[in-house]
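Novice: Supplied in structure tokens, the structure appears directly below.
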Amino acid sequence: MKEANQWSSKLGFILAAAGSAIGLGAIWKFPYVAGTSGGGAFLLIFILFTVLIGLPLLLGEFIIGRRTQKDAVQSYKTLAPGTKWHWIGYLGMVTCFILLSFYSVVGGWILIYIIKGFTGGLSQTSGFDTIFASTISNPYLAVGGQLLFMVVTILVVAKGVSSGIEKASQVLMPALFLLFIILMVRSVTLDGAMEGIKFFLMPDLTAIDANTILYAMGQSFFLLSVGVSVMVTYSAYLEKQENLVQSAVSVTVMNMLVAVMAGIAIFPAVFSFGLKPDQGPVLLFNVLPTVFNQMPFGIIFLLAFLLLFLFAALTSAFSMLEILVAVLSKGDINKRKRFAWLGGIAIFIVGVPSALSYGVLSDVTIFHLSIFDAADYLVSNILMPLGALLISIFVPLKIPKQDLFDELKSGSNLKRKWFAVWLLLIRYLSPVAIIIVFLHVIGIF
């Protein structure tokens with residue numbers, strides 16, 4: 001694969017991998033859950049689980065991809081020939097396909113709001129719940145926004161790894177952090193901002209219970225894009241001498257940093273204007289527009305936030321489409337553009353029902369969930385945990401111990417004792433933790 005596609009620099013890989021992991025959930029859901037689940041105490045538990053569960057799994061995917069330098073399906077075929085383990089790669093493809101089909105819908109909503117912001121459609125100080133409802137229920141806006149988001153994603157992925165995904169990530173990721181810093185400074189300087197900071201960061205041990213711990217455990221690998229073989233695909237484009245441990249730590253730290261920065265940027269502003277903190281689309285499309293349009297030059301800060309969310313959505317979308325393109329093109333750069341468009345169009349078509357699930361298809365439900373929510377539930381609660389579990393079993397079972405050490409040792413000074421710790425974590429702690437979280441989210445306990 002490396003003859004056709006390769007990262008031009010280690011930094012480019014780290015930014016692209018971090019961009020893949022930094023999705024909308026890290027910005028609009030995680031801070032709220034942290035604030036309502038123990039604040040600083042929850043953050044400490046999350047960081048602990050990320051180091052003990054998420055990071056070992058991320059390294060496992062890096063090893064699979066870099067050792068074989070093949071796509072998500074061929075990697076498993078190479079490491080476990082004559083077996084069915086390569087179905088992990090197909091599972092990752094299907095998961096990313098479904099995920100991007102409804103993720104692109106949210107990306108479309110963001111694009112519509114950005115257009116509304118630049119054309120004066122978000123200049124009022126109230127009534128944003130009505131604007132949001134009319135946006136997502138309008139079939140032309142919902143599907144049109146989704147289509148525009150997918151076209152941007154396809155154009156970037158079609159250009160290749162270094163010329164497309166890497167270059168885009170090198171622009172979008174620094175821009176994302178810069179916007180975060182600007183918005184953090186503005187947010188914490190507002191009157192009453194301290195209440196928001198306390199909500200997010202003040203440790204509250206009374207809020208820590210079994211559910212909180214289980215959620216922190218689940219987020220420790222969900223927020224790193226582990227379990228869908230995206231990181232297998234991205235690491236396949238790495239040179240053999242690159243330091244996998246350093247890269248994995250960098251991606252993990254950047255992801256945790258964004259989650260913390262999001263809380264500091266959002267909640268001081270929300271509390272400053274006496275509004276209730278919320279999560280998900282309500283936060284982005286209702287609460288934040290109300291907040292920023294009540295302050296001087298508020299539309300500028302609102303547009304900055306919308307752009308920030310757009311950048312996070314795009315960098316994740318690139319990786320979801322890339323795993324599909326990599327498998328279908330089999331590393332042939334001449335076929336990349338064709339499969340990027342074919343795959344992207346197929347994802348768009350499958351995602352149209354999700355785009356219409358709050359409008360003309362609002363009466364259609366699957367197990368009492370809208371089409372959009374049903375797809376989200378399938379990916380988040382079933383497919384991703386299953387993929388993460390299979391990878392945690394595959395790595396120590398099918399890759400020889402010495403090969404694992406050689407991959408982690410390459411480009412680093414990793415000691416045997418730390419390798420033994422990592423192997424212990426991915427072999428025992430990771431699968432047990434994933435099973436516990438899975439049983440919890442499906443309601444068994």
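Placement of Cβ uses the backbone N, Cα and C atoms for every residue, glycine included.
The following feature annotations were taken from Swiss-Prot:
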TRANSMEM  11-31  transmembrane segment
TRANSMEM  39-59  transmembrane segment
TRANSMEM  95-115  transmembrane segment
TRANSMEM  141-161  transmembrane segment
TRANSMEM  165-185  transmembrane segment
TRANSMEM  212-232  transmembrane segment
TRANSMEM  251-271  transmembrane segment
TRANSMEM  295-315  transmembrane segment
TRANSMEM  341-361  transmembrane segment
TRANSMEM  377-397  transmembrane segment
TRANSMEM  419-439  transmembrane segment
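A description of the local structural setting of each listed feature is requested, covering burial, neighbours and distances.
Specialist: Non-local neighbours of the transmembrane segment (11-31) in the same chain are 103, 106, 162, 165-167, 169-170, 172-174, 176, 200, 219, 222-225, 230-231, 234-235, 237-238, 242, 247, 250-251, 254-255, 258-260, 262-263, 266-267, 279-281, 283-284, 308-309, 312-313, 315-316, 318-319; each lies 6+ residues outside the stretch with a CB under 8 Å from one of its CB atoms.
Among residues of the same chain six or more beyond the transmembrane segment (39-59), those with a C-beta under 8 A of the stretch's C-beta atoms are 33, 198-205, 207-208, 212-213, 216-217, 219-221, 223-224, 226-227, 231, 244-245, 248-249, 251-252, 256, 260, 388, 391-392, 408, 422, 425-426, 429-430, 433-434.
Only residues 6 or more beyond the boundaries of the transmembrane segment (95-115), in the same chain, are considered here, and those with a CB under 8 A from a CB of the stretch are 23-24, 121-122, 135-136, 141-150, 153, 227-228, 230, 281, 284-285, 289, 303, 306-307, 309-310, 313-314, 316-317, 319-321, 323-324, 343, 346-348, 350-351, 354-355, 372, 375-376, 378-379, 383-384, 387.
Distant neighbours of the transmembrane segment (295-315): 16, 19-20, 22-24, 26-28, 103, 106-107, 110-111, 113-114, 117-118, 122-123, 149, 152-153, 156, 168-169, 172-173, 175-176, 179-180, 182-183, 186, 190, 258, 265, 284, 288-289; these residues of the same chain sit at least 6 beyond its ends, with a Cβ under 8 Å from one of its Cβ atoms.
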Novice: Applying the under-8 angstroms CB criterion, which one of 141-161, 165-185, 212-232, 251-271 scores highest with the transmembrane segment (377-397)?
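Specialist: Selected stretch: 212-232, with the most Cβ pairs under 8 Å.
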Novice: So which of 141-161, 165-185, 251-271, 419-439 is most in touch with the transmembrane segment (212-232), counting Cβ pairs under 8 Å?
Specialist: 419-439
